[in-house]
Amino acid sequence: MRFSPTFFLLSQLRLTRRRAATSSRFYAVSALNNPNNLSDSEQQQVNHLNLSKLTQHGLQRLLNSTRDDPNLALSFLRQLKEHGVSPNVNAYATLVRILTTWGLDIKLDSVLVELIKNEERGFTVMDLIEVIGEQAEEKKRSFVLIRVSGALVKAYVSLGMFDEATDVLFQSKRLDCVVDIKACNFLMNRMTEFGKIGMLMTLFKQLKQLGLCANEYTYAIVVKALCRKGNLEEAAMLLIENESVFGYKTFINGLCVTGETEKAVALILELIDRKYLAGDDLRAVLGMVVRGFCNEMKMKAAESVIIEMEEIGFGLDVYACLAVIDRYCKNMNLPEALGFLDKMLGKGLKVNCVIVSLILQCYCKMDMCLEALEKFKEFRDMNIFLDRVCYNVAFDALSKLGRVEEAFELLQEMKDRGIVPDVINYTTLIDGYCLQGKVVDALDLIDEMIGNGMSPDLITYNVLVSGLARNGHEEEVLEIYERMKAEGPKPNAVTNSVIIEGLCFARKVKEAEDFFSSLEQKCPENKASFVKGYCEAGLSKKAYKAFVRLEYPLRKSVYIKLFFSLCIEGYLEKAHDVLKKMSAYRVEPGRSMCGKMIGAFCKLNNVREAQVLFDTMVERGLIPDLFTYTIMIHTYCRLNELQKAESLFEDMKQRGIKPDVVTYTVLLDRYLKLDPEHHETCSVQGEVGKRKASEVLREFSAAGIGLDVVCYTVLIDRQCKMNNLEQAAELFDRMIDSGLEPDMVAYTTLISSYFRKGYIDMAVTLVTELSKKYNIPSESFEAAVKSAALKAKRFQYGE
């Protein structure tokens, strides 16, 4: 009996499946995909198929016979390509038709993406669609073409080929096939995400020509696109013509995202009156409003919406609360974040690990690592589930505090709680050990990772070689570097940079330069690393020279390092040049850099440049911090420009930045010096100063801020100059009773007044007390005391 070659091939494929040792239905598929899964006899049978000699006609018959087993068809086609056989358009059409009929969308998408990428396929994608239409049964033709066309649209979109995806819609119409509106919506939505608004609007206007009927989701996508483009009026008109709850929700979100949250609130109120919004839809849009107000820095408005949501029966929305806390933390306004959290906890908010991690990270970013640890323990004691992200913040805080051994103990605690450490957790601890110079312990952790079946990634190795380099272990660095090149993960530009910076930090500048010279590929990033490296080595002038030669944008961290190094060494003009270059390359300097530069300008009384930089910060959306506001206010007070100082004081309060004792003291000191008793000004100005000083003191007291030594000294000085020595002494005693230690300035302010008024005994008592407190020999004061006493007596008796 004779058998056709096609029958023989098919029987061999099925025979392989029947002989499988497992009962899994798809064993043959996995075996064909991975020949290593086959036994020797099975592999021999597959090799005997002679796929390379199979004709296109035979291939077609074989594929048709697998229509009841799409996985087998897919595997067979892959085997063909592995044997160098290029399936023609008919073979692909058959496979696509089979996958479509079975509804295997993910596999279909994969095949089509692979097909689109293959530029040597020998046919166009539209040829494929036409053949599929010809092959399909008449009653299934429309169904198959719609599914395939929709899948093609998605495949092109996934590759960012929007023109080709749009072309599929028109070509399908030519074949009397109208693509499902869902595929068109998918295309339009991705156009929006990629900013291709013009292309989207053109397609939207041609929907009727394509035979497509837009649904509410189509209109919502167009509304979203128009909002992103800033065409709010056009979006509103489109929405009025095609009202839907989904469309309104999209429009409201667009208003909130574009800084028009107040308009969004007005629209929501109107829709509530029309009974158009209620339930979950209302809750969703109110959440959008909260996020919108947060983005616009209208934090109290955001908080009021959350309270409103609770009062109308929605309860506390954890995601809305999260948005408020997140914004406070991003602005480094930790007191407000904690205050809001406490209020919400009082109302029954269930805190999750995301909120905890935001709070802890904010502490660390503000260099309050000790406080972060205390808060971590507090949250842990509240039985809040803390994930590995929260633990990692604690690891990082302990490492920065030099308590890496405690971090390791915390790792054991995390394991005991059933939380499996990940690569990031180990990397943080490795970094902590390196910071303390305990490189052996860091290497032990690498071994532990590998022993637990965890592969250190490139970031882990970068942290390790950086730590070794910073501790001067040049040979070990180069050994690991060579191993990475040989075994992986391959070193990248970051690896090279951290080695250069690390060696410079260890004062091995020559070795760093030699390492750079040895690199086969030198990138701009590595050259920029020398700017940071020279700064680490205390060579800021050399770093600046290297910086000037680099005529391209650098990492922000490079600018920051150079800027602060120049400031520390007093090269303020060069530091200002760094800021200017950042601005030229549109690199945002950040609040700390601008604040530092403003402080430097203020110390030089160059308040004009300070104000220009201050205004630039605000224009860029960078809210100056308390330090920056205070030093600007102090400078204006020192230059007797009180109106500008007062304007800044009010501005900081409006932005939600609470003045501290230093800010209040700066203003109080200036106002008190306007008092006519100080003999600095006329009586009218003096009365104004007296009134404003009283206002500051009242506000100071209402804020619940305790006086510090400087503030007490200012008040003591005022009483002394008004000859109210008894009240000055009372203030001095009150300062001590409050637990504060008077400093040298506070003592000398009162002592000099006692001498001036002839209260020699009281002055000598304070001098003796001061001598004992600062452990200064009394002989050092004796001459000064006698001289002061003699002058006082002569003054007293008119000599």
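Note: Cβ is positioned from N, Cα and C throughout, glycine not excepted.
Annotation source Swiss-Prot lists transit peptide at 1-27, citing sequence analysis.
Feature annotation from Swiss-Prot assigns repeat 'PPR 1' to 145-179. According to DSSP, the secondary structure content of the repeat 'PPR 1' (145-179) in residues is 27 helix, 0 strand, 8 coil.
Long-range Cβ contacts of the repeat 'PPR 2' (180-214) within its own chain (Cβ-Cβ under 8 Å, at least 6 residues beyond either end) map to 146, 149-151, 153-154, 157, 160, 162, 165-166, 169-170, 173, 221-222, 224-226, 228-229, 242. Annotation source Swiss-Prot lists repeat 'PPR 2' at 180-214.
Within its own chain, the repeat 'PPR 3' (215-250) is flanked in space by residues 181, 184-185, 188-189, 191-192, 195, 197, 200-201, 204, 207, 257-258, 260, 267, 271, 276-277, 281, 284-285, 288, which lie at least six positions past its ends and keep a Cβ under 8 Å from the stretch. The repeat 'PPR 3' annotation in Swiss-Prot covers 215-250.
Under 8 Å from some Cβ of the repeat 'PPR 4' (251-278) lie the Cβ atoms of residues 223-224, 226-228, 230, 232, 235-236, 239, 245, 285-286, 288-289, 291-293, 295-296, 298, 301, all in the same chain and six or more residues away from its ends. Residues or ranges marked as repeat 'PPR 4' in Swiss-Prot: 251-278.
Here Swiss-Prot flags 317-351 as repeat 'PPR 6'. In the repeat 'PPR 6' (317-351), the DSSP tally of helix, strand and coil residues is 26 helix, 0 strand, 9 coil.
For the repeat 'PPR 7' (352-386), the DSSP counts in helix, strand and coil order read 26 helix, 0 strand, 9 coil. Swiss-Prot lists 352-386 with the feature repeat 'PPR 7'.
What Swiss-Prot records for 422-456 is repeat 'PPR 9'. Same-chain neighbours of the repeat 'PPR 9' (422-456): 388, 391-392, 395-396, 398-400, 402, 404, 407-408, 411, 414, 463-464, 466-468, 470-471, 473, 476, counting only residues six or more beyond its ends whose CB sits under 8 Å from a CB of the stretch.
Long-range Cβ contacts of the repeat 'PPR 10' (457-491) within its own chain (Cβ-Cβ under 8 Å, at least 6 residues beyond either end) map to 423, 426-427, 430-431, 433-435, 437, 439, 442-443, 446, 449, 498-499, 501-503, 505-506, 508, 511, 515. Residues annotated as repeat 'PPR 10' in Swiss-Prot: 457-491.
Within the repeat 'PPR 11' (492-522), the DSSP-based counts of helix, strand and coil residues read 23 helix, 0 strand, 8 coil. If you look up Swiss-Prot, you'll see 492-522 marked as repeat 'PPR 11'.
According to Swiss-Prot, the feature repeat 'PPR 12' maps to 523-553. Model confidence over the repeat 'PPR 12' (523-553) is summarised by a mean pLDDT of 91.
According to Swiss-Prot, the feature repeat 'PPR 17' maps to 708-742.
The annotation repeat 'PPR 18' is assigned in Swiss-Prot to 743-777.
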Positions whose Cβ lies under 8 angstroms from the repeat 'PPR 7' (352-386), at least six residues beyond its ends: 318, 321-322, 325-326, 328-329, 332, 334, 337-338, 341, 393-394, 396-398, 400-401
